[in-house]
Amino acid sequence: MSVLARSVGNAFRNKIRTSAVVAVLAVAIGLALSMLVANQAVGSKVQELNASVGTVLTVNPAGGQGFEGGGEPLTTAESATAAAVPNVVSVVGTKALRLENESATSTSSTGTTSQQGGPGGGPGGGTSVTTSLKAAIDAGTLGNRNNTNSNSGAAGGSGTGNSGAAPTFSLPITATGIGAEVDTSGKALNITSGTGLGDYTAASTKALLGTTLADKNGLKVGSTFTIAGKTFTVAGIFDAGTTFGNNAVYTTLAEAQALASTPGELSSMVVTVNSMDNVDAAKTALQSALGSDKADVTQGQRNLETAVSSLDSVKNISLVAFIAALGTAGLIILLIMVMLVRERRREIGVLKAIGARNRTIGLQFVLEALVLVALGSVVGAAIAAFASGSIASALISSNSTTSASNQRGPGGGGFGGGFGGGGAFGGASQLLTSVTASASPSTIAIGVAAVFAVAVVGALVPALLTARIRPIEVLRGE
Amino acid sequence: MIEVKDLVRQFKTGDRTIKPVNGVSFELEKGTLASIVGKSGSGKSTLLSLLGALDKPTSGDVVVDGVSLAGLPDGKLTEYRRRDIGFVFQQFNLIPNLSAIDNVMLPMEFAGMRKGARLERARTLLEQVQLDPEKHSRRINRLSGGEQQRVAIARALGNEPKLILADEPTGNLDEQTGDHIIELLSSLSRDHNTTILVVTHDRTLAQKTDRRFRLQQGQLTEEAVRPRVVAGA
Ligand SMILES: Nc1ncnc2c1ncn2[C@@H]1O[C@H](COP(=O)(O)OP(=O)(O)OP(=O)(O)O)[C@@H](O)[C@H]1O
Ligand SMILES: [Mg+2]
């Protein structure tokens, strides 16, 4: 008979009570573990999001975005200014071109660059040039509606005549000159075959094509096509993940600037900030460095940020619930052990009368508490394994109802903005549901360790109470 | 060698103060078998608990082999109870959900004895108090009063104490078994030089002890000196 054996024996002395205590403990421990699992799952998702898209700012010319709006274009000099702003990790300039298929623009002189509205004129920033490529997207209802809109906008500009092209209208292709191997939202390009463009700041007749655009035109790595009459070689094919994103061409920044005959001009800048926490401060600093009359700084992935903050609140809720459930487990242990110590005062007195040290008796009670907690943990872990998935998704769905309404806000912009917002919204809701809470053994182990730590603390108080019991009490049946 | 010096223990009940032990002094040589008699409620158990460091006197002191109990901290008093004292309680005070043998092994475990050694010693002791071997592993609450009393005696002997304090150790035993227990105790005092103080109502038991005390109105008086020596002369 050792201290441990005695503790185990004592834990089972009253089987009905032991079962009741274990059941209550199991609920508390199961809840604690579920919350921990949810917390870890959401936490890693938040980290993943922060690491990828949450830290990107987009700078557009004041009053313009994509091919719409007006104002002064951004310049390479301004990208240097932006790079000097604190917390900014990188600045990637882009130059967007609108490519129109040669056959669709046959009414205008083939092979010449047609400036669609200069700075200060109608739609600014965008430049239309011809190409041998055919768009991978059919115009459809949306396209035709957008085309009408853009033509009415173009009417306000210099009006170089492609407005008569409506019957043969096909969607334009976006060609973007990029200063690094990232897309216009700052995400690294996923090149599925071929290679990148190497030095993105030098002029080069190599280009990257989206998968669907390449398929539509029957192009492979090494194939050639033309932009503004100039022959380009396909260096690589990328997959942007969306149909819209894959109907695009990337060239080096310098090449796009040359094609548009606007050296040093940028359509937008993609600014990456070092951490999610600094994004707001960097945005303000960037805006004042560039001047609010010159540039608009927007958080391209605002909706994702909303998603992240809603996930963050889920994370906080689950953490609080974990601590609360843990505290409850500790409290249960504390109360049970106080009760047991009171009940066994006489026995404790006897043990002391025959020479047991205080620490021997204290240890016996702590071990007895741990036996109860061990049983509670086994049942609790089983509960958590079954319940944590549904608890996590219940937490997230109740929270994303509020975040979804927020997400619709920035989605209402123009052509580019609308698509971007919609795509990102889809991504955000997808990531909310993709948080899968799986009870990994290591998480459960951490949780159980925490439960045991709390139980030791909870059992220590009553165990220390035993030290105050005087052996003489046993002689008088008090 | 135990010296008891002007020991006083008083209790306050309501506005009355009673002093069941009121100025008790005596000395016991090593290896003495002594008895205390006295009316019920005269304070015998109270005196014994003071000697066994289960209770603290209102005043006075107990000195065991030159060490004053009054000057010892609680930890040392626990050690004194564990190593030097074997206490047989009037109400046995065994742990009810443990077996007889586990109860006997408890003090040995507290003293750090190895498991095999304590099992063997516990068996020997239970045999010495004549408990049926088949009852060694029976739970305490399934033993008779007399059987429990003998387990309590066996437990007190576990750590070879130098002072055994036994409160009515034969109160629940038949004459024959009682005689055997007395024989066991006197052999311990003879052969192991153990000092033994027995509280009893049993006149015949008291007759067999080296020294006989009577507790009356808080005072201890010795009845006759060394009857065994006198009888043998
Ligand atoms: N904790 C206490 N508080 C108040 N009075 C007490 C306390 N302990 C003992 N007494 C009283 O002290 C007196 C002596 O009690 P004690 O148990 O020592 O008697 P005893 O001689 O052992 O009697 P018995 O032969 O019946 O066992 C009794 O009157 C008892 O009521
Ligand atoms: Mg008594």
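Backbone N, Cα and C atoms are what each Cβ position is placed from, and that goes for glycine too.
If you check TrEMBL, you get these features:
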REGION    A:100-163  region 'Disordered'
COMPBIAS  A:105-116  compositional bias 'Low complexity'
COMPBIAS  A:117-127  compositional bias 'Gly residues'
COMPBIAS  A:140-153  compositional bias 'Low complexity'
DOMAIN    A:153-288  domain 'MacB-like periplasmic core'
TRANSMEM  A:319-341  transmembrane segment
DOMAIN    A:320-400  domain 'ABC3 transporter permease C-terminal'
TRANSMEM  A:361-387  transmembrane segment
TRANSMEM  A:444-467  transmembrane segment
Exercise. Restricting to the same chain and to residues at least six past its boundaries, which positions have a Cβ under 8 Å from a Cβ of the transmembrane segment (A:361-387)?
Worked result: 3-4, 6-8, 10-11, 18, 21-34, 37, 329, 333, 336-337, 340-341, 348, 351-352, 439, 444, 447-448, 451-452, 455-456, 458-460, 462-464, 466-467
For this session: With a Cβ cut-off under 8 Å, give me the same-chain residues at least six positions beyond the ends of the transmembrane segment (A:319-341) that come close to it.
Result: 21, 24-25, 28-29, 31-32, 35-36, 39, 348, 365, 368-369, 372-373, 376, 447, 450-451, 454-455, 457-459, 461-463, 465-466
For this session: Taking helix as H, G and I and strand as E and B in DSSP, count the residues of the domain 'MacB-like periplasmic core' (A:153-288) in helix, strand and coil.
Result: 39 helix, 43 strand, 54 coil
For this session: Could you break down the residues of the domain 'ABC3 transporter permease C-terminal' (A:320-400) into DSSP helix, strand and coil, giving a count for each?
Result: 76 helix, 0 strand, 5 coil
